[in-house]
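Data first, discussion second: the structure below is written as C-alpha cells.
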Number of protein chains: 2
Amino acid sequence: MLDDRIRCAALRGKITSAADAAQLVRNGMRVGTSGFTRAGDAKAVPLEIARRAREESEPLRITLMTGASLGNDTDRILTEARALERRLPFQVDATLRRAINRGEVMFVDQHLSETVELLRDNRLGALDLAIIEAVAITETGGIVPTTSVGNSATFAALAQKVIVEINLAQPLALEGLHDIWSPAARPGRAPLPLMRVEDRVGTPCIQIAPEKIAAIVITNQPDSSSTVLPADADTALIAGHLVEFFQHEVSRGRLPKQLPPLQAGIGTIANAVLSGFAASPFEALTLYSEVLQDSTFDLFDAGKLAFASGASVTLSAKRQEQVLNDIARYRDRLVLRPQEVSNHPEVIRRLGLIAINTALEADIYGNVNSTHVGGTHMMNGIGGSGDFARNASYAVFATKSIAKDGRISSIVPMVPHCDHNEHDVDVIVTERGLANLTGLAPRERALTVIEHCAHPLYRDILRDYYRDAAALGGHTPHRLDAAFALHTRFAQTGSMLP
Amino acid sequence: MLDDRIRCAALRGKITSAADAAQLVRNGMRVGTSGFTRAGDAKAVPLEIARRAREESEPLRITLMTGASLGNDTDRILTEARALERRLPFQVDATLRRAINRGEVMFVDQHLSETVELLRDNRLGALDLAIIEAVAITETGGIVPTTSVGNSATFAALAQKVIVEINLAQPLALEGLHDIWSPAARPGRAPLPLMRVEDRVGTPCIQIAPEKIAAIVITNQPDSSSTVLPADADTALIAGHLVEFFQHEVSRGRLPKQLPPLQAGIGTIANAVLSGFAASPFEALTLYSEVLQDSTFDLFDAGKLAFASGASVTLSAKRQEQVLNDIARYRDRLVLRPQEVSNHPEVIRRLGLIAINTALEADIYGNVNSTHVGGTHMMNGIGGSGDFARNASYAVFATKSIAKDGRISSIVPMVPHCDHNEHDVDVIVTERGLANLTGLAPRERALTVIEHCAHPLYRDILRDYYRDAAALGGHTPHRLDAAFALHTRFAQTGSMLP
C-alpha cells in the first residue's frame with residue numbers, strides 16, 4: 001500500500017511508530033522540523049516528544065527550530081510539557097507566547113531567510129535531528145515535502161539524523177510542486193540564478209544520503225487550517241487605497257502597467273489586501289511571497305494571477321479541501337521553495353518586489369513595530385517582513401488605524417519597538433488613507449502620516465505632539481519625556497485616549 | 001596640454017569656466033554630483049551655484065544628491081547661500097547639519113545602495129543635471145572618475161545634461177582602477193555576476209552619449225583630506241576584542257582561517273579597528289567596503305591585505321600624497337565601484353561579509369542608533385551601514401562605552417532612534433569587551449551587553465533598569481516610563497549620571 005509513498009524499498013524497513021521515533025531525542029538536542037505558517041508541519045513525533053517530557057522523570061528540553069509557525073497545537077503542547085528550552089525563528093501560539101513573555105522559553109526572533117545561513121555556518125550549534133513531513137520518499141531516497149518547504153531542505157542536509165513523517169492526508173499530487181535549491185557554502189557561492197517568478201532552479205525533492213533517514217512514521221492528518229478572518233470594510237478600504245496608489249504610480253511612470261511581483265505577509269490584512277486586487281484593473285499579476293493564502297487562489301480563480309511562488313500554502317478549511325482535491329488545476333502556475341529562496345535579499349532586490357506586510361503600529365515618522373505589544377510583549381515575530389522590506393522596491397506596511405474600539409491608536413508618536421525603520425518603509429496605509437514616504441524628510445513624513453493614516457480620534461493628539469516636538473528642533477523631532485505617553489496611558493487606564 | 005585629459009577632440013570645445021557652467025542650473029532643479037566621503041567631489045561648479053544663490057535676486061534652491069559626503073566645504077557654502085532645498089543621501093557638514101536640524105533643509109537619510117534605484121524608477125523625480133569629477137574623458141567620450149565612483153555612473157546616465165570637471169590634481173594614473181557596472185532596469189534584471197572581491201564585471205569608465213556633456217570645467221585641487229583621528233588606547237582595545245573574537249570563531253569552526261571579506265564604515269573607530277588587524281595573525285585579508293581609508297594602505301604595507309574593493313579612497317593628507325604618487329604600487333590590488341555595487345545586498349550576502357560599523361549608541365538588547373543624537377538631532381546619516389548590517393554574515397557595531405568624560409553612556413536602556421535592530425546586530429563591541437548576540441534571546445542579550453560592553457560607571461544603572469523591567473515581564477522587558485531616563489537626565493543636567 002505504501003509502495004507509491006516510499007519508493008525506495010530499502011527504506012521501508014525504517015517504518016516505526018511515532019513513539020519509537022521520538023526515542024531518538026535526547027535532552028538538550030537541537031531539533032529542526034518542517035512547518036511554515038501551520039502548513040506541512042511534522043504532526044506526530046513532536047507530540048511524542050511532548051509526551052516523553054511530561055511522563056519521564058528526567059528532563060527532556062530541546063531547542064526547536066522550524067520554518068515558521070506550526071499548526072496542530074504543537075507549540076502549545078510542547079510548551080505545556082516544558083519541552084522547549086529555546087525556540088526559533090517564529091511562532092504564533094498563545095501558550096508559547098505567554099511562556100516567552102515570562103522568560104521561560106528563550107525565543108530567538110529571526111529574519112526567516114537567515115536561520116539556515118547561521119546553521120550552515122555552525123553558529124547555532126550542530127543540528128541533531130530533523131523531522132520532516134513528506135508526501136513520499138523517491139526511489140533514490142529523496143524527500144518530497146508537502147504543503148511547505150520552509151527550512152526543511154537545509155535541516156535535512158545538516159542534521160545528523162532525519163525522521164520522515166509520511167502524511168497520507170497530503171495528496172501525492174503535490175509532488176512536482178517544489179523547487180529545492182540551497183546556496184553553496186561561502187566562500188565560492190554563485191549567484192542565485194532565479195530571474196523570473198516562475199523560474200525553477202533546483203530539484204523537485206530534498207536529496208540526502210538515504211542512510212541518514214533513521215525512522216519513517218506514517219501519519220494521516222490534514223494541516224491545521226488558516227485562522228485568517230474574512231475581509232471587512234476596513235481591509236477593503238486599505239486594499240482600495242493600495243490599488244489606487246499603484247495605479248497612480250503606473251500613471252506617473254514609476255511602475256510598469258504589468259506590476260512587479262507582489263509579496264504579502266501572513267494574516268488577515270495582507271490576505272484581504274491581495275484579495276482586493278481581484279477587483280483591480282491589474283492583469284497577469286505574479287506573487288513572489290512566503291505564504292500563499294486563500295487570496296492566492298481567489299486571484300487565480302478571478303483570472304488575475306499568472307503565477308505564484310511561495311514557501312508554503314496555508315488555507316482555510318474550505319479552500320484547503322478544494323485546492324488539494326483539485327491541485328492539477330493550479331500546479332503549472334505554482335512553485336514552493338525553501339524560505340531562504342522565497343525570502344532571499346538577492347532575488348527580492350532583483351525582482352523589485354512590492355512587499356505588503358502588516359504593522360502592529362507605526363509612528364509618525366514611518367518606523368514600524370511588527371512584533372512587540374507595548375514594546376515589550378512578543379506577539380509572533382518579525383517573520384519575513386524584514387527580508388522583504390529592506391530589499392523590496394516598495395515596502396508597504398498596512399494596519400487598521402485603531403484597535404480595541406479606538407482605545408488603541410496604531411499610529412503613535414514613537415514606536416516602542418522598531419522592526420522596520422524610516423529607511424526601509426516606503427508606504428504606510430490604513431483604512432483612513434495612504435502615506436507615500438518615498439523621498440520625504442521626517443518632518444514631511446510626520447505631516448502626511450498624521451493627516452492620511454491616523455484615525456480622527458487621535459489626529460489632534462498627534463498634531464500636538466509633533467508641534468511641541470518640532471519646536472524643540474531636530475531632524476526627527478521628539479519629546480523623549482512624552483514619546484510613549486499614549487502607551488503608558490493605555491497601560492494605566494486601558495485606553496490611549498485622555 | 002589637455003590632449004591626454006580630453007581625448008575626445010570633439011569635446012574640447014565644451015571647455016568653459018565654472019561660472020558659465022553653473023548657468024545651466026535653474027531654481028528647483030535636481031542636481032547629482034560626484035563625491036563619496038569627501039573623495040572625488042565636484043569642486044568648482046557647486047561653489048558657483050552657491051555664488052549665484054548668494055548674489056542673484058531670484059531664488060536658486062536645488063535638490064542636491066551625491067554619493068555620500070562632500071569635501072571642500074561645499075555643503076557648508078551651499079547651506080550658507082541657502083541654495084539647498086533638499087539633500088540626500090548623506091552628509092557630514094556641521095553647518096548643513098544645523099540647518100537640517102532646524103528643519104530648513106529637507107534631508108533624506110537613505111541606504112546608500114538605494115538612491116539610484118529610486119532615481120532609475122523615477123521615484124525621486126527626473127535628474128536635471130549631473131556634475132562629475134573626472135581624471136579624463138576617453139576617445140569615445142567615456143568619463144573616467146577620480147577617487148570615488150559613488151553614484152556618478154547612474155547620475156551621468158540619467159541626467160539630462162552632464163558637466164564634467166577635469167581635475168588636474170588627480171593623477172591620470174587613476175585610470176583603470178574603476179569598474180563601472182549598473183544593473184539593468186527591472187523587470188528582466190540579471191544576477192550581479194561578482195563572485196570574488198577582485199572580480200571586474202564592468203567597464204573602466206562611465207560611457208554616456210558624448211552629446212550629453214554640456215560643459216567641461218578644468219580644476220586643479222586635491223581632495224579634502226580625511227578627518228579621521230589616530231587610533232587611541234580605547235580603539236586599540238576594541239580592535240583587540242574583535243581580533244580575539246574572530247580567532248575564537250575560527251577555532252570553533254564558524255569561520256574559515258581565511259576570513260571572509262571585511263567591510264568597515266567611515267570614521268575613526270572603524271579605521272582604527274581595521275588597522276588593528278595589521279598586528280593580528282590573519283593573513284591575505286580582503287576588503288569589500290565603501291570607503292578605503294588610511295587603514296587599507298596600512299594593511300597593504302603590512303603585507304596583510306590581498307585585495308581591496310571600495311566606492312572611494314579617502315585619506316589623510318600625508319597618505320593621500322603618498323598613495324596618489326605611488327598608485328602603481330597598489331593598483332593591481334584595488335578596484336573602485338559604484339556604491340550600488342559596493343553596497344549591494346546581493347553581493348554582501350553572497351560573500352558573507354564581516355561588516356564593522358560605528359554606533360552612536362546601542363541598547364541593552366542590541367538595537368543601534370547610528371544617526372540621531374538624543375534621538376532627534378541628525379549627526380551624519382545611516383550611510384551604508386544598513387546595506388551591510390542586514391545582509392552581512394557578521395554585523396558588528398563598535399563604540400566607545402562612554403563619551404564626554406563619562407557624562408554619556410553609549411550603552412542605554414533603549415535607543416531613542418533605531419537604525420539597526422536586534423534582528424540585524426550580531427556583535428556589540430566597546431573598549432570594555434564584546435557581546436556576541438548570535439542566537440540569543442533578548443533577556444540573554446541584555447545580560448551580556450551590560451556585563452561585557454557597558455562602562456562600570458553605568459553597569460549598576462543598567463542592571464537596575466533591566467531587573468525592574470524584567471519584573472514586569474515581556475520578551476524584551478522595558479519600563480516605558482523610564483526607558484529614556486538617561487537621555488532626559490542628560491538633557492536636563494548635562495550628564496546621564498545621577
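Even glycines carry a Cβ here, placed using N, Cα and C.
Please treat TrEMBL annotations as automatic predictions, because they have not gone through curation.
Secondary structure at A:Glu290 (active site, 5-glutamyl coenzyme A thioester intermediate), as computed by DSSP, is coil. For A:Glu290 (active site, 5-glutamyl coenzyme A thioester intermediate), applying a Cβ distance below 8 Å and a minimum sequence separation of six or more within one chain yields A:Phe36, A:Thr37, A:Ala68, A:Leu112, A:Gln263, A:Gly265, A:Ile266, A:Gly310, A:Ala311, A:Ser312, A:Gln339, A:Ser342, A:Asn343, A:Gly383, A:Gly384. For A:Glu290, the entry in TrEMBL reads active site, 5-glutamyl coenzyme A thioester intermediate.
Here TrEMBL flags A:Asn380, A:Gly384, A:Lys404 as CoA binding site.
Taken from TrEMBL, the feature domain 'Acetyl-CoA hydrolase/transferase N-terminal' covers A:14-217.
Averaged across the domain 'Acetyl-CoA hydrolase/transferase C-terminal' (A:324-465), the predicted model reaches a pLDDT of 97. The domain 'Acetyl-CoA hydrolase/transferase C-terminal' annotation in TrEMBL covers A:324-465.
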Candidate with the highest Cβ count within 10 Å, taken from the binding-site residues A:Asn380, A:Gly384, A:Lys404: A:Gly384
Number of helical, extended and coil residues in the domain 'Acetyl-CoA hydrolase/transferase C-terminal' (A:324-465), per DSSP: 51 helix, 38 strand, 53 coil
